[in-house]
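As given in TrEMBL:
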type	residues	note
BINDING	Met46, Gly195	substrate binding site
BINDING	Arg122, Ser168	ATP binding site
Amino acid sequence: MISTQRLIDLMRAVREKKPLLHVITNRVAINDSANGALAVGASPIMAEAHEEVETIAAISGALELNIGNLTPYSIQSMLLSGHAANQAGVPVVLDPVGAGATEFRLQTVQKLLDELDIAIIRGNAGEIAALAGEDWGAKGVDAGEGDGDIVAIAERVARKWHTVTAVSGAADTITDGQQTYCIKNGHPLFPYMTGSGCLNGVIQAAYAAVSPNYLEASVAASVNYAIAGQLAGEKCAGPGSFRQQLMDELYLLTEEKIRRYAAFEEVARS
Ligand SMILES: Nc1ncnc2c1ncn2[C@@H]1O[C@H](COP(=O)(O)OP(=O)(O)OP(=O)(O)O)[C@@H](O)[C@H]1O
Ligand SMILES: Cc1ncsc1CCO
Ligand SMILES: [Mg+2]
């Protein structure tokens, strides 16, 4: 069982180590992703030129690959940086945005998962269900409303690709295929901020950079991010101020807030 103290230790470790995060992401979420990374104490660099991605990935604390705006060029950027990260022992986080929306996305994600060693896959339920070959009624990049067992689906994905799988939603499910956690923090305004999942992925990378135990890293990143969102939601009027408050709450997160609000538990294996 992961302790609340561990969530606090990892939050502090990110602030102390200020890991360099190499991020290849979509143009919708790129600015919020960079600002959110800074707010939690990391140093983001958004870079996808083929001439430099291998060099940057190899010296980073973690690499995050987000397929939100895929192009043949960016796929090559992801493969080059991913292989360089793997060779250097740098953890790679993958966000399979809209994986069920087109064959192009699904095949690209499968290629990345087959060729690269991925530490954490982070997506919404529709995206993770698509990877498991399950029908979920996802709508573009939005999760949709499936009626399958998301814990069982996440565990299958984790086992198939030997990776931690983090499914976001009203409750988050994090699993390495053996141990599974359910996280109940969050706020209903989250889905109204585009890129809030993409930023979640970048924060997963920040935590993976400071913890070789990627299950712990993913649970800590997910709980701490969701607590910040919960506190932001309580202070704001709607999606516009939620986005602003979220950046503030990520920066202002404390040990006391984590102790008071963390709501996560281990769930029985399905
Ligand atoms: N209904 C909800 N209630 C509470 N928290 C939520 C809810 N839906 C999502 N979240 C939280 O919002 C964050 C983003 O998750 P979400 O599932 O919306 O990502 P996403 O669909 O990939 O987003 P995007 O593609 O816009 O970046 C997560 O931290 C999750 O815990
Ligand atoms: C809206 C949107 N379209 C491609 S990526 C993205 C950001 C949320 O995933
Ligand atoms: Mg997403």
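Glycine residues also receive a Cβ, built from the backbone N, Cα and C atoms like all the rest.
Just so you know, TrEMBL annotations never went through curation; they're auto-generated.
Under the three-state DSSP scheme, Met46 (substrate binding site) falls in the strand class.
Each residue contributes its Cα atom, and for Arg122 (ATP binding site) and Gly195 (substrate binding site) those atoms are 13 Å apart. Per-site Cβ counts within 10 Å over the binding-site residues Ser168, Gly195 peak at Ser168. All protein chains considered, the CB of Arg122 (ATP binding site) has 30 other CB atoms within 10 Å. Taking CA atoms as the reference points, Ser168 (ATP binding site) and Met46 (substrate binding site) are 23 Å apart.
Under 6 Å, Cβ to nearest atom of ligand 2: this is the test, and of the binding-site residues Met46, Arg122, Ser168, Gly195 it is passed by Gly195. Cβ neighbour count for Met46 (substrate binding site) (all protein chains, 10 Å cutoff from its Cβ): 17.
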